[in-house]
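J.: Positions annotated as transmembrane segment by TrEMBL: B:65-90, B:152-177, B:197-217, B:224-243, B:255-274, B:286-304, B:310-330, B:411-433.
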Protein chains: 2
Amino acid sequence: MLSQLLVLFAVAIIVYFKDVSPIGSAVGFSAIGYVVVDALIPRVSESFIKIGLFGKDMSKPGRPVIPETIGSISATVYLFIMFFSIPFMFYKYLVVTSGGGFRDVVKQEPAEELLFPHSKLSEFLSALLCLESTILLGAADDLFDLRWRHKFFLPAIAAIPLLVVYYVDFSVTHVLIPNFLQELIGTTKTSVDLGAFYYFYMGSVAIFCPNSINILAGVNGLEVGQSIVLGVIFLINDVLYLTLGVNGHARESHLFSALLIIPFLGVSLALFKWNRWPAKVFVGDTYCYFAGMVFAVVGILGHFSKTTLLFFLPQIFNFVYSAPQLFGLVPCPRHRLPKFNENDWLMYTSRADLKKEKPKRIVVVVLRLLHNLKLIDLEIDPKTNEVLSCSNMTLINLMIVWFGPMREDKLCYSILALQFFIGVSAICLRHLIGSLLFGNDNLWRVV
Amino acid sequence: MLSQLLVLFAVAIIVYFKDVSPIGSAVGFSAIGYVVVDALIPRVSESFIKIGLFGKDMSKPGRPVIPETIGSISATVYLFIMFFSIPFMFYKYLVVTSGGGFRDVVKQEPAEELLFPHSKLSEFLSALLCLESTILLGAADDLFDLRWRHKFFLPAIAAIPLLVVYYVDFSVTHVLIPNFLQELIGTTKTSVDLGAFYYFYMGSVAIFCPNSINILAGVNGLEVGQSIVLGVIFLINDVLYLTLGVNGHARESHLFSALLIIPFLGVSLALFKWNRWPAKVFVGDTYCYFAGMVFAVVGILGHFSKTTLLFFLPQIFNFVYSAPQLFGLVPCPRHRLPKFNENDWLMYTSRADLKKEKPKRIVVVVLRLLHNLKLIDLEIDPKTNEVLSCSNMTLINLMIVWFGPMREDKLCYSILALQFFIGVSAICLRHLIGSLLFGNDNLWRVV
């Protein structure tokens, strides 16, 4: 009943706003996406389990079996919502031909403010192609359980349509040089052309965003939760540009960003409802890749990939913090999820055994330093002063080191709150530092 | 070794032809597609069996288990080949901007004959989106074994991006009125605007083509084989337009068609190598949907959907011929594949029992008529003159009725030969009848 009302409301918004702004229809489609995903998940869960797509929830008594890869529902619904929203985005720009098989343009309605220029259609379609490829390859990963070294590069393959259309349609490979660097190297040029390296850089962004979301995982609701928080942060930044901004190009980019992210929030919130503690479904790799790719696409096509990386600070921190274990400097157990205690329902740090497999002495010195800085928890033999074990090096375990054992839901929400705080700070910093580094900021200045 | 040479040759073609014609690079990418699919199939087959994607070959002694859904490899490789070929298709039209984040066009090289106009990029991307959606939904079907009534409409859902972009970008919903009809209804109008019905019609084409290929199946190599024959027939028609044609619009449409179909032939031939008798892999629904959709897309975007349906005559015949069983007028056993005889390795007609479940008397009269016309084989009790059974109503069984029991490979190739003969006749007829019906034919006249 509530969902039917929501759909009615959504349709009303879409119809009402179709002449006004595509943002309106994006909100409407987002609501429809929420309702559809929320209705589909309980209906398809059984079929997923039946074909072997399920996992055990290690942080519950009895380790219940729940369906896995359910995030692919959100991703697929998102795609089809976006297909339907194309006419509304380009509503004012519909091309009318003289008919009879001729393809000449007879009438093209005038461009209006805050509407999407028709020339952007191919850019938009390439974004959808990239996201659909991500879903396809993500599904292959979820089905065939690909090896780590193959998985890692999947997003780069999925990004090919994006980069190719960028090359054909757009080909901007300049980056601005910060003022201080201009003085340092004694140049008067304000930008440098990276050429082919720019494509390499965009490919790296496309690899980083999806994988970093996939790595910061292991607690009910965290994969979707962090994606929603990221979406909200991106949206706040977009709204800043759309309301205060004076630079036409930047506004266009951030309109594009908002139009992709608003429906993303709809399908993700529905998934969160089912994936939050106590989880009834798992999201799977497909969703993590898809979510990360939404942000990569927005950053790349909107030309604000540096800002995008700034918003990924918690994920970057998690990756850097994990690196010593990932690269084998510190022993790395197979699973690094925090440990569930059945008696008090709290999550405790999981630990790596440093006694069996001793790290190099220099590593131990660094670990002791980190321990003193409260950035890791070491178990030290009081007699011999020998290091016995350390907490696993993930942001999730670090939260427990800082704030003590918590229930799984509280752990998830603390991480999300920290992430939101960092994101909002990043927005403030970005526009402050942007002005300092480049002499101006594209939020306030026209160029 | 041979495949490495082929790749080298393909790269040479792509590089050489990049300034001349996109057809050249399509041929090169087609060769690369062949090599990649041919190399991937044996490498991934085991993984497909491991996750439950396998089937039994009913027409071999011992019913060996072989991997299923392998056609999804061809389909996915096709997509990525097409992504890479975008810059070569639009090579002469690459847009150069002034850089520094500005999106203004500084230089656009002049259009040349036989090259793809840049304005077609969004059309091309929507075709790829439609095909990728087909693969995604086809994979869902192969994985979850959807119900018949759901499967049937999947292609229409996959066609949404195509129809939406058609609406936004193109919106031609006129069809020409044949001369005799103009006189019959006394109008001077040469075309009629179907409006929304035209989208319904295009959706129907998108549903028909994939499903009709999926239905004409059951013999090793037949799904891929008929797709290859269809591809060749389409290509012959395209080449006619590109060499003899004088109508610019029609040439453009058929260039588009050729660019989609040439790489399709590459990935399909590699699949055929593994799927032909004795099959080492099955193709699965994904490939049938994908192949059918390639032709639907080409027909819809090229504005020759009526010709497309003409080329599907054998599939249409198979569907109409099957209808009495599909709609329950004649009893329909679960499987209608021809029956394999282990002793002589020949395929015999499979039969529907008409004794247990008696059809209506009028149906029996029609069946007897068909029997006399050699369009079905009836088993009649010589004493009571009662009809005991009939051969199942598929084109495959009909071939056996006509030409007697054959080995599976001969059966497949006879059907393909018949299909090719019908297709070539259809091309001749189409340009003859087209001239008669519409007073002119777009192959010969500029219109």
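Using the three backbone atoms N, Cα and C, a Cβ is placed for every residue, glycine included.
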J.: In terms of Cβ proximity under 8 Å, which residues at least six beyond the ends of the transmembrane segment (B:224-243) contact it?
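T.: The answer is 23, 71, 114, 213, 216, 250-251, 253-255, 257-258, 261-262, 264-265, 268-269, 271-272, 275-276, 283, 287-288, 291-292, 294-295, 298, 307-308, 311-312, 314-315, 412-413, 415-416, 419-420, 423-424, 426-427, 430-431, 443.
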J.: Decide whether the stretches the transmembrane segment (B:197-217) and the transmembrane segment (B:65-90) have at least 3 CB pairs under 8 angstroms, with pairs required to be 6 or more apart in sequence.
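T.: Contact between the transmembrane segment (B:197-217) and the transmembrane segment (B:65-90): absent.
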J.: Between the transmembrane segment (B:255-274) and the transmembrane segment (B:65-90), are there three or more C-beta pairs closer than 8 Å, counting only pairs 6 or more apart along the chain?
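T.: Answer yes, regions in contact.
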J.: Contact between the transmembrane segment (B:286-304) and the transmembrane segment (B:65-90) is defined here as three or more C-beta pairs under 8 Å separated by at least 6 residues; is that satisfied?
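T.: Judged by the Cβ rule, the two regions touch, with the required three close pairs present.
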J.: Quick test of the contact rule: Cβ under 8 Å, at least six residues beyond the ends. What residues does that give for the transmembrane segment (B:310-330)?
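T.: Same-chain residues near the transmembrane segment (B:310-330) but 6 or more away: 208-209, 212-213, 215-216, 226, 230, 233-234, 237, 295, 336, 352, 354, 359-360, 363, 367, 375, 390, 392-395, 398, 415, 418-419, 422-423, 426, 429-430.
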